[in-house]
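Peer 1: Sharing the record's features from TrEMBL:
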type: ACT_SITE; residues: E148; note: active site, proton donor/acceptor
type: BINDING; residues: C102; note: substrate binding site
type: BINDING; residues: H119, H121, H204; note: Zn(2+) binding site
type: DOMAIN; residues: 26-231; note: domain 'Class II aldolase/adducin N-terminal'
type: REGION; residues: 1-22; note: region 'Disordered'
Amino acid sequence: MCPADQTVATNNDHLVQSDDPEHPANLIPELCRKFYNWGWVTGTGGGTSIRQGDHIFIAPSGVQKELMKPDNIFVLQWPTPKYPASDRSYIRKPLKLNPSACTPLFLTAFEQGAGCCIHTHSQWAVLVTLLVEREKGPDACFEISNIEQIKGIPRGKGKGMLGFFDTLKIPIIENTAFEEDLTSGLEAAMNKHPDTYAVLVRRHGIYVWGDNTAKAKTQCESLDYIFQLAVEMHKLGLPWVK
Ligand SMILES: CSC[C@@H](O)[C@@H](O)C(=O)COP(=O)(O)O
Ligand SMILES: [Zn+2]
């Protein structure tokens, strides 16, 4: 056995090997294939992370997310230090790959109790941040009401779902040169909007999280639907809030 093979054999590979399609190491590649087809993670952008018990499953950085295999997945012991990156407690690291640059942002969602966090570069998400670009600063938000799909978004933890007549409010933070540097903005937006399950990143995309993978996915789908609708409404001169 060559030294590289020895590293592989002692790298906790069993943590990403399962016949269960619901295992996070199988789910992340499967979800990313879907997200690629929906335009959420093309060109290596975007990604997904799942927490299962005291393990966090993270995709590699800079890879074609739709081609990922379970063997490419990193595993972090949870809880783990968020900073510095070198202190994060990886218990499985694929050789020749680096963990996603979104890792500290995903960890921020897990600190809030999330079970899954999705990052997309959806053009609809980017477009709504452009349509409200005049609104800058800590109060920047996308707002919409009187749309049925709003009912797919929680009012806050343990507070049920938003109603048709409620106003959905998604905070917007400014983009940074490096993905990791978005973390303080995400933390600030979460502190200011403790009930939110999503934060838009101007000219970049969105982070959406949920109590579990199904909720993160359906909430992200509902938001993407709403953003597309909002862009079309804007083109027709229709207001988002009645
Ligand atoms: C098209 S590059 C996009 C990246 O810089 C980043 O925004 C991103 O979402 C993915 O980072 P990654 O480290 O590949 O998981
Ligand atoms: Zn990104």
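Glycine residues also receive a Cβ, built from the backbone N, Cα and C atoms like all the rest.
Show me how these features fit into the structure around them.
Peer 2: A 10 Å cutoff on Cβ-Cβ distances gives E148 (active site, proton donor/acceptor) a total of 10 other Cβ atoms nearby, all chains included.
Note on C102 (substrate binding site): other Cβ atoms within 10 Å of its Cβ, all shown chains, come to 26.
Within its own chain, H121 (Zn(2+) binding site) has W40, V41, T42, G43, G45, G46, H204, G205 as residues 6 or more apart in sequence whose C-beta sits under 8 angstroms from its own.
Over the domain 'Class II aldolase/adducin N-terminal' (26-231), the average per-residue pLDDT in this prediction is 97.
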Peer 1: Around H204 (Zn(2+) binding site), how many other C-beta atoms are within 10 angstroms of its C-beta?
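Peer 2: That number is 21.
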Peer 1: Please list, in sequence order, the residues in the chain of H119 (Zn(2+) binding site) that are at least six apart in sequence and whose C-beta is under 8 Å away from its C-beta.
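Peer 2: Non-local contacts for H119 (Zn(2+) binding site): G46, G47, T48, C102, L105, F106, G205, I206, Y207, V208.
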